[in-house]
Ligand SMILES: Nc1nc2c(ncn2[C@@H]2O[C@H](COP(=O)(O)OP(=O)(O)OP(=O)(O)O)[C@@H](O)[C@H]2O)c(=O)[nH]1
């Protein structure tokens, strides 16, 4: 499952792991101080201070690695996993060292202390590291190795028994951790599929299936936003209503599929002739619209004429025969009148029908609306 869903899931696993451990920023330093103070019961003060000093540096290092990871672009999860494993491994090794080093054979209080540290290490590892299987394993290595320390020093049946129980405990925790890991991974994969589906649906809702252009719904949404912006900042906004001439005979003569090819070819010419921030849409049938922000009358008229000529030059060499479409274009401009989008579109449409009435394959500019 991990392989199939690739880099993005691995990155999310790492991200979850790091997010879980970022609480350490606030918890680990005071805990280090408390444990160093307790350590002085069994080891010289200088050694306890040295341990606390090194551990505080290690905490600073791994927290800074985590914070840099959170700002990094989502790539190269493998390299970051290695860095994170190293940084966090050092932290785990420091705490595991207590288990071996602070244990005084025969001293029940030190045994309880090291066991407490142990239980804390293992349970925190299982709870926090499960999003990432390899890091879960590497985090468990340090406490597992430390477990064999006390009985080596002591050798009593009691300590060996405790160690055996501890190892069993680690094995159970590992099983639980891997189970949690599997469900976390499944949730991540599902979330990723969900995100993909949602963005695909969002794309489909906004697109016209035949031409790939924006559809009417998306055009109206964008149009309302552009209109608000143009009105607020008193900037010009131009609208071109574009309709293919005599399109019905194309369908009737060559068939609907051939008509679709012509629609796609005209859409492609329109797409080539608009600027990046223009909004081009197929409103339906053989009608297109282009919204041009920051565009005045002269500029819009010139753009419409360029588009008309570009379509006129188009030669659709279809299987069924040659089609040379033309378009009629109506141009309407909004200038500080508080006009609505539907009114602007109506004026654009009227100008486009005027172009049809005047013989087609031409551009007509809508008269300005009185302020
Ligand atoms: N192939 C195809 N045809 C479509 C599609 N949508 C609408 N049409 C056809 O487009 C044609 C539009 O015809 P009319 O509205 O009469 O306009 P026209 O023939 O282009 O004539 P004028 O606009 O007056 O120049 C109709 O035959 C519709 O069936 C489509 O998605 N694919």
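Our numbering is plain: 1 for the first residue shown, then up by one each step along the chain.
Keep in mind that glycine also has a Cβ here, set from the backbone N, Cα and C atoms.
Transmembrane segment is the annotation TrEMBL gives to one range among 109-128, 189-208, and that range is 109-128. Matching 26-43, 224-241 against TrEMBL, the residues noted as transmembrane segment span 26-43. Contact check: the transmembrane segment (26-43) against the transmembrane segment (81-103) gives at least three Cβ pairs closer than 8 Å, residues 6 or more apart, which meets the contact criterion. Across the range of the domain 'GGDEF' (235-368), the DSSP-based residue counts are 59 helix, 38 strand, 37 coil. Beyond the transmembrane segment (159-178), the same-chain residues lying 6 or more positions past its ends with a Cβ under 8 Å from any Cβ of the stretch are 105, 111, 115, 118, 122-123, 125-126, 129-130, 133, 136-137, 140, 143-144, 147-148, 150-151. Sequence-distant neighbours of the transmembrane segment (49-69) (same chain, 6+ residues past either end, Cβ-Cβ under 8 Å): 14, 18, 21-22, 24-25, 28-29, 32-33, 35-36, 39, 80, 83-84, 87-88, 90-91, 94-95, 97-98.
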